[in-house]
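**Student:** Below you will find the structure I want to go over with you.
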Amino acid sequence: AMLRSLGSLLCLWALPLPVPPAGNGVAARGLDIASYRERVRAMFYHAYEHYLESAFPYDELRPLTCDGQDTWGSFSLTLIDALDTLLILGNVSEFQRVVSILQEGVDFDIDVNASVFETNIRVVGGLLSAHLLSKKAGVEVEVGWPCSGPLLRMAEEAARKLLPAFQTPTGMPYGTVNLLHGVNPGETPVTCTAGIGTFIVEFATLSHLTGDPVFEDVARKALKALWKHRSDIGLVGNHIDVITAKWVAQDAGIGAGVDSYFEYLVKGAILLQDEELMSMFLEYNKAIKNYTKFDDWYLWVQMYKGTVSMPVFQSLEAYWPGLQSLIGDVDNAMRTFLNYYTVWKQFGGLPEFYNIPQGYTVDKREGYPLRPELIESAMYLYRATRDPTLLELGRDAVESIEKISKVDCGFATIKDLRDHRLDNRMESFFLAETVKYLYLLFDPDNFIHNDGSAFDVVITPYGECVLDAGGYVFNTEAHPIDPAALHCCRKRKEEQWEVQDLMREFYSLKKKKKFTLKRAADHREGESAKDSEGASSEQGGERRHWKKSPYSLLTCPSQSFNSKLAVLGQVFLDGT
């Protein structure tokens with residue numbers, strides 16, 4: 001009975017949430033959505049252009065000194081992280097230009113110690129998303145796409161550099177790997193929980209597209225290892241020894257060090273229609289409610305006893321209402337969101353730590369590095385409720401960021417929300433996540449919000465494939481993955497077209513080249529061709545519309561769980 005119930009839930013999550021009418025609430029509050037959308041667009045270009053002018057090819061912009069620095073591995077990270085945001089803003093010409101630059105110059109055969117977690121969510125996730133959006137952006141895709149392509153090969157190469165980290169007795173990965181030599185001798189075996197459980201979205205996508213199961217296999221093994229070592233009361237700590245499986249830090253909560261583990265159980269379940277992952281999350285959710293939730297706040301507790309260890313709210317926890325909305329728990333999500341919003345109103349941003357009983361910041365944790373999590377939750381909840389309060393958060397975010405952190409060369413991290421001192425850093429997630437979620441909050445007609453009424457049909461080595469029907473699953477760096485793409489390349493790898501094997505051989509032998517960036521005279525050219533609808537007819541693709549499904553938005557046809565692919569309410573039988 002439980003499995004049948006979970007199957008029904010998973011089918012429901014493949015459908016669009018019922019969208020309430022906007023009503024007069026927005027107009028009554030006088031919030032001009034179009035105006036704020038254009039202000040967000042201007043924020044993006046102010047930051048992006050100064051990264052190109054002052055920081056490229058370094059990972060990140062230093063906005064106070066107008067120069068750059070490498071932070072996570074020397075990948076020109078901001079360029080990769082911003083790529084799919086360009087398309088969401090409608091700038092197809094710059095998307096195409098950056099794709100060419102990345103193909104020519106990014107090299108993963110470098111003697112650099114890289115974060116396994118950050119490289120996965122930012123580099124592998126960014127490249128996979130850009131690969132799956134390439135055709136929509138008018139890129140001339142190769143034969144066999146989306147089962148092949150240069151960005152997919154780059155994502156696979158980057159992911160293979162991470163695989164040595166998973167070679168541990170527990171299957172839980174080290175936190176750091178050298179891209180040239182593997183895990184360094186003497187590398188610490190202590191890794192945070194999120195650094196172990198945040199791979200299934202990217203790695204399962206890679207396995208489904210390439211036909212190589214190794215990526216999904218290691219991601220699942222790591223997830224299950226954490227599940228196996230949860231406490232008797234159903235909680236996990238935030239740091240564990242990946243060799244001995246002993247918990248080093250035993251504080252349990254939903255924030256830093258743990259957050260995206262829970263996020264990926266839900267998103268992995270949705271992406272893969274996986275009952276086991278969702279059942280794991282629902283069990284965790286019970287324990288979280290029982291031991292950490294107090295008056296719609298979530299505290300930190302001792303993982304074995306459930307006693308409160310830290311009565312603080314961390315800004316990273318603000319993703320939780322958005323995650324609650326994905327499982328349909330909208331009422332609880334809104335109550336928690338409103339608690340977090342009161343903190344934003346108090347400071348004009350979310351401090352990294354906030355002492356709940358005292359109602360103030362925690363010493364040395366007063367900063368706001370322009371994080372996206374509260375805005376992310378607002379976007380999800382606005383899609384579900386159309387509550388104008390959520391747009392007001394977006395408005396406040398735009399006003400605060402522009403007033404406090406905007407400088408001549410971009411947007412600077414806020415070092416202290418009490419006096420608005422700034423720090424000389426603009427993290428790549430500002431363009432990958434914060435600006436993207438703000439824009440999508442104010443752009444209800446964006447292709448990302450497709451309700452399934454339009455889609456593309458492309459020809460793959462295995463027949464017709466439905467893409468761009470909506471239902472995108474965002475990784476934890478806000479890189480959207482089209483879940484339908486995972487069903488385009490189902491056959492075993494050895495059964496793929498011979499041309500793909502030849503192409504792989506060619507690209508593996510191709511000598512890596514260093515590159516320089518010459519800015520295009522006008523990288524905004526083509527921006528007006530928003531969402532690139534006309535590009536979808538290339539390479540055997542066809543834009544189609546379907547009639548409304550005869551099924552209610554809140555019900556699923558009674559079919560065997562494994563016999564269908566549900567994309568936003570339309571059910572495709574295997575083999576179609």
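For all residues, glycine too, the Cβ spot is worked out from N, Cα and C.
According to TrEMBL, the protein has these features:
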- GLU118: active site, proton donor (ACT_SITE)
- ASP259: active site (ACT_SITE)
- GLU352: active site, proton donor (ACT_SITE)
- GLU373: active site (ACT_SITE)
- THR476: Ca(2+) binding site (BINDING)
- 520-533: compositional bias 'Basic and acidic residues' (COMPBIAS)
- 520-547: region 'Disordered' (REGION)
- 1-25: signal peptide (SIGNAL)
**Student:** In angstrom units, rounded to an integer, how far apart are the Cα atoms of the residue listed as 'Ca(2+) binding site' and GLU373 (active site)?
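**Tutor:** Answer for this pair: 10 Å between alpha carbons.
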**Student:** Out of GLU118, GLU352, GLU373, point to the one nearest ASP259 (active site) in space (Cα versus Cα); all of them are active-site residues in the record.
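**Tutor:** Comparing Cα positions, the closest of these active-site residues turns out to be GLU373.
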**Student:** Whole-number Å only: compute the distance from the Cα of GLU352 (active site, proton donor) to the Cα of GLU118 (active site, proton donor).
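**Tutor:** Cα-Cα distance, GLU352 (active site, proton donor) to GLU118 (active site, proton donor): 19 Å.
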**Student:** At the level of the C-alpha atoms, what whole-angstrom distance separates GLU118 (active site, proton donor) and GLU373 (active site)?
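**Tutor:** One finds 16 Å between the Cα atoms of these residues.
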**Student:** List the residues of the same chain that sit at least 6 positions away from GLU373 (active site) in sequence and have their Cβ under 8 Å from its Cβ, in sequence order, or write 'none'.
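**Tutor:** SER315, LEU316, GLU317, ALA318, TYR319, GLY322, LEU350 - these are the non-local Cβ neighbours of GLU373 (active site), listed in sequence order.
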